[in-house]
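Now, the feature entries from Swiss-Prot:
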type	residues	note
ACT_SITE	CYS76	active site, nucleophile
ACT_SITE	HIS177	active site
ACT_SITE	GLU179	active site
DOMAIN	1-199	domain 'Glutamine amidotransferase type-1'
Amino acid sequence: MIAVIDVSGNNLTSLTNALIRLGGHFALTHDAEEIQKASHVILPGVGTARSGMTALQQNGLIDVLRTLTQPLLGICLGMQLLLEYSEEDDIPCLGLIPGVAELLKAERNHPVPHMGWNNLHWQKTSSLQQGLNNSDYVYFVHSYALKADDYALARCQYHEEFTAVVKKGNFYGMQFHPEKSADVGMVLLNNFLSLESTC
């Protein structure tokens, strides 16, 4: 079973529809026991870092997520919450992946938020990349990002380079929305769900 963490009342229709298309058995949940028993966990996120961390804390999920051994995927804000810190609201995050979510620099031809299609540049071989090309496009909507570093599986260029896909151990993050990224996004989600689980 796939646990989709639902603590903020966000509209998760696009994500759940994608999982239905993939034939995944999932539950929208904020129940700690259900999350711990899941084969895969997805942490979506829309809003601010403070609201996201507050929602996780109010539902008693911070320590739960920190101790998971199965694959965990953070999407958009969910990826940023996996980091050590966010400049948005100056708030500590889960600390599962080293790094800080920093505000993107706005330029004349690169407004913030970064919104729309942009391509991935894979840096490391990963099972997430199976069936994909180095020039595939995915859909972004964000103002904060992790600078490209050693944990980046894929990077993206938007005036400056940032991490688009990140991995440390069983923790994965995608700064873009795979559920809104057409066929490429479906391949990425399917590849994540195909990762071996310890549960």
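Each Cβ is built from the backbone N, Cα and C atoms, and glycine gets one as well.
The structure displayed is predicted, hence computed values, not measured ones.
Taking the features listed in Swiss-Prot, we show where each one sits on the structure.
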residue: CYS76; record: active site, nucleophile; Cβ within 10 Å: 24
residue: HIS177; record: active site; Cβ within 10 Å: 20
residue: GLU179; record: active site; Cβ within 10 Å: 25
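If you measure from the Cα atom of GLU179 (active site) to that of the residue listed as 'active site, nucleophile', you get 11 Å.
Residue pair HIS177 (active site) / the residue listed as 'active site, nucleophile' shows a Cα separation of 6 Å.
When averaged over the domain 'Glutamine amidotransferase type-1' (1-199), pLDDT in the model lands at 94.
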